[in-house]
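> Handing you a structure now.
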Amino acid sequence: MPQRQPQPAHPADGIYFGLMSGTSMDGVDGVAVRFEAGRAPVVLAEAFVGFAQSLRDALFALQQPGDNEIDRESLAANALVARYAVCCHELQRTAGLSRDEIRAIGVHGQTVRHRPERGYTRQLNNPALLAELTQVDVIADFRSRDVAAGGHGAPLAPAFHATVFGAPGETRVVCNLGGISNITILPGGDGDVRGFDCGPANALIDAWATRHLGKPYDDGGKFAARGTVQASLLDALLDEPYFTAPPPKSTGRDLFNPAWLDARLAAFPQVAPEDVQATLTALTAVSVAREIAQHAPGCKAVFVCGGGARNPVLLDALRHALREAGVPASVDTTAALGVPPQQVEALAFAWLAYRFTARQPGNLATVTGAAGNRVLGALYPR
């Protein structure tokens, strides 16, 4: 008699891909991960596929209103998804998987508008095309359901952070330093998980490096290290009302973009470029530290993920800002918890695809401000 194959602990268990291209818009991070109910996720493969400068230019242009947007957006979405498909094929090859072994691909898309106060958020994507190119089920459009329920649609990672990084008896903060900074507060006991966007991170740091170095980012924070923080400029930047707005809140390039920076720099024409870079690095650190001091003063450990985790000058600035704010917390990357920082965001969207397949909520209403927890996403069958 043939042996029966062991059944998964939960019908949704299996291998999922997660794809995330964030506000830095330099490329897409992907992971292949196995989820089993009651067990820690197991990463089988990771990949990064960069974007050509022509695609980056198209994505940056769509951040601001312009002419012929529908045509430009659709063409950019198709080009974007072509890179997503390359990432999926690389994950499949590295992990040695057949298409039939992959339950679904969870893909975020590329945010080009985020205006929950007007009832919408727009992620550039073509999930139907991705399903066709990969012949795998695709789950996308995760943020819209939360916005429809009155939430900000962001951040969505805190529910995943709580599952993977929480520890009983210890208040932790997970800090994502992508284009925008956000934090997740894990209370370690009674109390709600909280999370929100703090302000700009690599969005402005990278833009300034591109303008003055001709490079896509400040490698290792070396440009900032050559400069000195200008206190008066930092105060002017921190005068932005978003920094003192109460959560739930979310932001993006709609607000924190080069035009926002230039408007404030107009009053400081004498500040050298390297000093501006040092001050932008301090802006990220101080805005995060102040939010932690206000909302998690007992935090003992901050774990950083996102591109900023590779910037030692930014991490040192965060340590200094936390000390100045009276928060006695250590600062490390999520690698200390067993998850490389470059994997965290893609892992979160693989997890959201897993939650969708199980028809379980993916948001935390206490984080986003939605009317309740909701199943997030939409299915595009292969």
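Each Cβ is built from the backbone N, Cα and C atoms, and glycine gets one as well.
Copying in the features that Swiss-Prot gives for the protein in this structure:
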{"type": "BINDING", "residues": "G22, T23, S24, M25, D26, G27, V28, D29", "note": "ATP binding site"}
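Have a look at these and tell me how they're positioned relative to everything else.
Mapped onto three states, the DSSP output places T23 (ATP binding site) in coil. Residue density at T23 (ATP binding site): 24 other Cβ atoms are found within 10 A of its Cβ, drawing on all protein chains shown.
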> Give me the sequence-ordered set of same-chain residues, not including G22, T23, S24, M25, D26, G27, V28, D29, with a C-beta within 8 angstroms of the centroid of the ATP site's C-beta atoms.
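Surrounding the site, in chain order, are M20, S21, F51, G178, G179, G307.
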> List nothing but the one residue from G22, G27 whose Cβ has the fewest other Cβ atoms within 10 Å; the candidates are the binding-site residues.
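Result for the binding-site residues G22, G27: minimum number of other Cβ atoms within 10 Å at G27.
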> Within 10 Å of the Cβ of D29 (ATP binding site), how many other Cβ atoms can you find? Include all protein chains, please.
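Excluding its own Cβ, the number within 10 Å is 24.
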> So if I measure Cβ to Cβ from D26 (ATP binding site) and keep only same-chain residues at least 6 apart in sequence, which ones fall under 8 Å?
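In sequence order, G50, F51, R56, D206, P216, Y217, G307 meet the Cβ cut-off.
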